[in-house]
Amino acid sequence: MATAVVPVRKRILKEEDMTKIEFETSEEVDVTPTFDTMGLREDLLRGIYAYGFEKPSAIQQRAIKQIIKGRDVIAQSQSGTGKTATFCVSVLQCLDIQVRETQALILAPTRELAGQIQKVLLALGDYMNVQCHACIGGTNVGEDIRKLDYGQHVVAGTPGRVFDMIRRRSLRTRAIKMLVLDEADEMLNKGFKEQIYDVYRYLPPATQVCLISATLPHEILEMTNKFMTDPIRILVKRDELTLEGIKQFFVAVEREEWKFDTLCDLYDTLTITQAVIFCNTKRKVDWLTEKMREANFTVSSMHGDMPQKERESIMKEFRSGASRVLISTDVWARGLDVSQVSLIINYDLPNNRELYIHRIGRSGRYGRKGVAINFVKNDDIRILRDIEQYYSTQIDEMPMNVADLI
């Protein structure tokens, strides 16, 4: 399938030059300023407006029409700009509701994100009688098989469970017209790469592929050659990916132990709205949660080792505002939409700079203001400077009046 591919660059660059490459949006992409002028079906438009959307965001104005046309699309957009709705609207528009077979497959890196995509599809497709199932690990296989046998127009899921269902012949692929890879940078990272290829091999040869992410490292664009045909690119320059409207600060802590005291001092500030605290390991999340509770602070926590049911109820509590401070690993950083979150604390700086934007992109969604505070030990200074340089941004020392900025 991947034969005629637009060359992404003219010459082979040495590794260190890669960071300077800027990818522009393809010339044939036009802007459609309203949902009404996108040629969408009436029952879908009703769902869009009922969901509370009024005007399409920048990525929606550019990508939806191209996806509906059937083009393979690489779309890059900041966290919090409506990426999920971009492909959900496009998928719903392309369905034949009369045909009770899976016509679109959406892969996501985490169970939570797949579950959220399913919710958005069902909400936007509320007037269409759409059947949509989230196919995710950590849930009952029998339930998946039953739901898939019933007939689902769209399946959203994590690559491992989706491939399992295809192998068991519960998920039939013959009617699939579209494959969407959400948070593709994370998915195509080593962990999911093989599983995506496994899934892809079972899809009909003419399947349309859409790849969506906030960051597109160079290796990802190289990989798109393998399963995209003449893709249209809707990309923002990386320098614009500093999340505007988010004030970023650091707190210098000489030793690891001091981070905890600093966090306790900040607790009253955290609960002004809602806050997410990121740690790099599951053990650290458990340790910090316990330590905060021992000091009589109310916090909830989440990471990938917790049972699915528990993760869901924690998310629900946090979404409803019942819990105000969530301690998590990067499982949370990918595309989860909680609009009240206006403060992010990196208790540990992320292990790679791409994750930084996903973490702080959690706060200030849809142009809301937000604050990110990084706890920095002496040996983290270099990483912080690297992040600053990579995103052409400035991270200042935290002022005393940080509470006034939230």
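The count begins at 1 with the first shown residue.
Keep in mind that glycine also has a Cβ here, set from the backbone N, Cα and C atoms.
Since we're looking at a predicted model, the values are computed, not measured.
Neighbours of Lys55 (ATP binding site), defined as other CB atoms within 10 A of its CB across all chains, total 9. Annotated ATP binding site per Swiss-Prot: Lys55, Gln60, 77-85, Asp337, 362-366, in sequence order.
Feature annotation from Swiss-Prot assigns domain 'Helicase ATP-binding' to 64-234.
Positions annotated as domain 'Helicase C-terminal' by Swiss-Prot: 245-406.
The motif 'Q motif' annotation in Swiss-Prot covers 33-61. Long-range contacts of the motif 'Q motif' (33-61) within the same chain: residues 68, 75, 77, 81-83, 85-86, 89, 92-93, 123-128, 234, 366, each at least 6 residues beyond the stretch ends and with a Cβ under 8 Å from a Cβ of the stretch.
Among the features that Swiss-Prot reports, motif 'DEAD box' is placed at 182-185, with the record citing a curator's inference. Broken down with DSSP, the motif 'DEAD box' (182-185) shows 2 helix, 1 strand, 1 coil.
Same-chain neighbours of the motif 'DEAD box' (182-185): 83-84, 87, 106-109, 113, 117, 211-217, 220, 334-335, 354, 358, counting only residues six or more beyond its ends whose CB sits under 8 Å from a CB of the stretch. Summarised by DSSP class, the composition of the motif 'Q motif' (33-61) is 17 helix, 0 strand, 12 coil.
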